[in-house]
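**Q** Pulled the feature table from TrEMBL, pasting it below:
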- 1-230: region 'Pyrophosphorylase' (REGION)
- 6-220: domain 'Nucleotidyl transferase' (DOMAIN)
- 9-12, K23, Q73, 78-79, G140, E155, N170, N228, R333, K351, Y366, N377: UDP-N-acetyl-alpha-D-glucosamine binding site (BINDING)
- 231-251: region 'Linker' (REGION)
- 252-454: region 'N-acetyltransferase' (REGION)
- H363: active site, proton acceptor (ACT_SITE)
Amino acid sequence: MSNRYAVILAAGQGTRMKSTLYKVLHPVCGKPMVQHVVDQVAALGVEEQIAVVGFGAEVVQEQLGEQVSYVVQEEQLGTGHAVMQAADLLEQKEGITLVLCGDTPLLTAHTLNELLECHERESAKVTVLTAKAEDPSGYGRVIRNEHGLVERIVEQKDASKEELEVQEINTGTYCFDNALLFKALKQVGNDNAQGEYYLPDVIEILKKQGEAVAAYQTPTFDETLGVNDRVALSQAEQWMRKRINEYWMRQGVTLIDPENTYISAQAMIGQDTIIYPGTHLQGDVSVGRNCIIGPNTEVKDSLIGDETAIRQSVVHDSEIGKMVSVGPFAHIRPQSNIGDEARIGNFVEIKKSSLGHGSKASHLSYIGDATVGSNVNFSCGAVTVNYDGKNKFKTIIEDGAFIGCNANLIAPVTVGKQALVAAGSTITDDVPESSLSIARSRQTNKPDYINKKK
């Protein structure tokens, strides 16, 4: 097998997106479009990936890091001109170069591998990935001769009336013989409607030189979608979501309503988990086995243990153990860690805190900047008062403590093991182990007070 390289065209400004965000960085199911492409190409085992970037190149480099090498296209003079920027890195290398666009997030490694195998099987010097489109508007047309062989590719703006009727389209993805690619690119001109150097012109040049030209037609046109505006971005999101959801259902995950379930491309989900409508699993989420997630729940960049239920709640950047119950209407904010068999009930907010095994905050509590031991109980309305308007302070609650209703723990403060804080107390000093702490005014009843006021 020949050495394989890849050039990813990612220099387009994407003016039709009408966005300050670099075009190929627009996310599809939580992952930038160009990252989808890089991941699929990486699965092919290529020797090197080269990204052609343009204005704002630094933001693409920040996203992709060292996964790829970079070349810069200073002026947007067409796809042929873009590939020429990689000449210094590839021109002297033997092998096959895969060229594809950074705005085609739906392309799969399977399809790309089929293209490469077709190229090698046909001993071709260039192979183009094509597809049949019911509405080919906006795409270059693949023109074949009477023997069914590819003659050339015509861009829509340069196509004749008859050529516009052709439904086989150029997807913008190719395999080239390295050496011949860069020799042919030097012969490409810009005498066309756009005044640009078109990469597809290489096909006609090599054809005239008697080189073998092949085409692999993918049966899945949707996969070849190029995203140029927000409408296409929405379509890509829809198709990617369908692909992701069907994958997880085949892995033993139940989605009650797949059309209203949103799972990121990076998410991992265990068998026999049930996901209800309106659930969003965003970013790097890992959900264990036999979990119940949703409805109307958002989990982002978090680790969820087996047999945990999260209902109508929000969890961000946190770790939740096994057999935990969260919600409804709970909010677990970043850097929180909830131990096994804990309960976080309705209208409870946890922020940058850890709760030990079996601890419970069942309703209407705020726990912030706290370290909470095992089997601690927060009664209704209990609050850790962690902020003085300038600084945040820490609360420590040790194993087995009981915090009564409407108690305020003014940080920094420690509540010892098995201690009990009476309802309505405002605690400003440490509570010793196994102590009862009461910090409230003594009740005073004034008999017949109302009648005396009359």
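Yeah, the Cβs are placed from backbone N, Cα and C, and that goes for glycine too.
Since this is a predicted model, take the numbers as computed values, not measurements.
Distances, neighbours, how buried they are, the whole picture for these features please.
**A** Under the three-state DSSP scheme, L9 (UDP-N-acetyl-alpha-D-glucosamine binding site) falls in the strand class. The Cβ of L9 (UDP-N-acetyl-alpha-D-glucosamine binding site) has V52, T79, A82, V83, V99, L100, C101, G102, G172 as same-chain neighbours under 8 Å, each 6 or more residues away in sequence.
Across all of the region 'Linker' (231-251), the predicted model scores a mean pLDDT of 98.
The Cβ of H363 (active site, proton acceptor) lies under 8 Å from the Cβ of G345, N346, F347, V348, C380, each of these being in the same chain and 6 or more residues away along the sequence. Under DSSP, H363 (active site, proton acceptor) is assigned to a strand (E or B) in the three-state scheme.
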**Q** Report, as a single number, how many Cβ atoms besides its own are within 10 Å of the Cβ of Y366 (UDP-N-acetyl-alpha-D-glucosamine binding site).
**A** 21
**Q** If you skip the near sequence neighbours and keep only those at least six away, which residues in the chain come within under 8 angstroms of G140 (UDP-N-acetyl-alpha-D-glucosamine binding site), Cβ to Cβ?
**A** I153, V154, E155, Q156, I169, N170, G172, P200
**Q** K23 (UDP-N-acetyl-alpha-D-glucosamine binding site) has how many other Cβ neighbours within 10 Å of its own Cβ?
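**A** Result for K23 (UDP-N-acetyl-alpha-D-glucosamine binding site): 25 other Cβ atoms within 10 Å.
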**Q** Looking at the binding-site residues G78, N170, which one has the fewest other Cβ atoms within 10 Å of its own Cβ?
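**A** Output over binding-site residues G78, N170: least Cβ neighbours within 10 Å is G78.
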**Q** Is it possible to list how many residues within the region 'Linker' (231-251) are helical, extended or coil according to DSSP?
**A** 20 helix, 0 strand, 1 coil
**Q** Let me know the DSSP-derived helix, strand or coil state of G78 (UDP-N-acetyl-alpha-D-glucosamine binding site), please.
**A** coil
**Q** Among all chains shown, work out which of the binding-site residues A11, R333 has the most CB atoms within 10 A of its CB.
**A** A11
